[in-house]
Amino acid sequence: MRECFPFLNKCHYKYRWGVLGFCIWLVLGAFYCFDIPTSLHNTLQTHFSDIMTAEAFELYYGGLYSLYSFANIFLPFISGKIRDQKGDRIVLILMVVLVMIGQLIFVYGVHLKSFMIMYLGRIISGWGIESVVPTQTSFISPYFKDDYLGFAVGLNEFFATLGSILTMYLCPKLALEYGLLVAVSSGIFFNSFSLICGIITVILDKHAEKHLLDQVNYDQVKYSVLRSSENRSPRQSGANKKLGINNDKDNNNDQNIQGNIIEVDENQLINQNGVDGQIISQPDVIQAVEMFPKIFWFVSWCYALIYSSVLGFINISVGLLSERWFGVTEESEIEAGFVVSIMWFITGLFTPLFGSYTDKYGQRSLLLVFASLLCTFSHLMIWYVFPFLSLILLGTSLALAFASAWTGIVFLVRPDTLGKAYALVIAVYNFTFTLVPLAVGALRAYYGTYFYSQIMLSILGAIAFILSIFIYQLDKNQENILDGNGQYAISATSLEKNFPNENAHLKED
């Protein structure tokens, strides 16, 4: 029996906003756990002060994020492959469970004062955290790809940042009043709530799928989307010109064939879907690398540099702000955490707004240019200007990057390869993020100050700016492919638009 339907359009499901209403809570618990080490930096340092020096702690502390990122260069390919073969639902639940298991191990490691056990917990929970966001994006894209994709993905980011805000605000207070173990254990509670919302989301999605499959012939939907995508492919068009093929003639033939699409050869469908309907014709990772367009790789690296630059700062934010502005005390964690939460609030608030803008006006490549510029100058400002304004600009930078680059990936690849595509994006930014915390920690240990760390993070933003210029030019040359005008835009349209012969996709009585 078929297990997933990546080409099924769910934009006409009447309860789609209800699905989104539960789905957006899945990332809250994940990102609450992600930022726990950052929010408790000074408290953890005091906790380990009897067994290591402050310099040694900084290096081990950096490993909490570097090993997290290094493991996630590879692990998301597993969840991406599961997603492409089994569907989004199973991956969503599995990843939330992994976050919970990893957090339990992390708490145990803190109790034993063992960084090795803490590392293990971070790797397991990191797999869940890094996979739940792209799976959530691919899960909701069939519901909103026609109209409100940017806004819907922006809401997901808002609730992810809400988790980070809660961490920065609650964890220092819990540690001060009830102790370190209570503070790090609080992530388990939030993940339990996310798991409940995930189960409800899965139930609603099954209902939507059943409702839509009762009305359409899925094999014909998939066949038409793939056929139309191939016909609209820029590579295919270029090849046709080189071979002297008359495209007008091909279009006439396609129109003649369209009316008879219901008579697709069953053997071809079996080859595509397998005897039991499971998709087996998906490209492997190497084939996916070859088929993804050049702009996909530029967007991936640009997003990775901005993301790593911002997250690289967040990892040291409490330590840096304490050193530069508030003083190194346990009470300063609360003040620094509050200031950093402003950045997350700005990111969460602006991402849906920028997402709505891209839904209506496009211009994702231009927004990516602005994102990289803000990222570059914000890092320089933080050291010289009281960080309130700088963090607002940094939060705006991350919101712009997410609303433009992250949502644009959906329009660059086939729906049945979206899991692999996002796995590659995650691998790229985790590769950079593996190196950034180590470099930041090494610079801090060598110079005794975070100033040079901020210079390095600003340089990452400058490199992202250079890449964004190339992306802007490529996007304009390909008629705004990042805004859904490319070869796979056909999968973003409604079923009625997919089929000029409006009844071709409907099941026969």
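Keep in mind that glycine also has a Cβ here, set from the backbone N, Cα and C atoms.
Among the features that TrEMBL reports, transmembrane segment is placed at 17-39, 59-78, 90-110, 116-136, 148-170, 182-204, 295-316, 336-354, 366-386, 392-414, 421-443, 449-472. Per TrEMBL, the feature domain 'Major facilitator superfamily (MFS) profile' maps to 22-476. Residues or ranges marked as region 'Disordered' by TrEMBL: 227-256.
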Paired segments the transmembrane segment (366-386) and the transmembrane segment (17-39) in contact, 3+ CB pairs under 8 A: no
Cβ contacts the transmembrane segment (182-204)/the transmembrane segment (148-170), at least three under 8 Å, sequence gap 6 or more: yes
Among 90-110, 336-354, 421-443, stretch most in contact with the transmembrane segment (17-39) (C-beta, under 8 angstroms): 90-110
For the transmembrane segment (59-78), distant same-chain residues with Cβ under 8 A (at least six beyond the ends): 37, 41, 44-45, 48, 52, 115, 118-119, 122-123, 126-127, 130-131, 134, 285, 311, 315, 420, 422-423, 426-427, 430-431, 433-435, 437-438, 440-442, 445
Long-range environment of the transmembrane segment (336-354) - Cβ separation under 8 angstroms, sequence gap at least 6: 38-39, 150-151, 153-155, 157-162, 164-165, 168-169, 171-172, 314, 317-318, 321-322, 325-326, 367, 387-388, 391-392, 394-396, 398-400, 402-404
Region pair the transmembrane segment (295-316) / the transmembrane segment (116-136), three or more CB pairs under 8 Å: no
Spatial neighbours of the transmembrane segment (116-136) far in sequence, C-beta under 8 Å, 6+ residues away: 23, 26-27, 30-31, 33-34, 37, 63-65, 67-69, 71-72, 75-76, 79-80, 83, 88, 91-92, 94-110, 156, 160, 419, 422-423, 425-426, 430
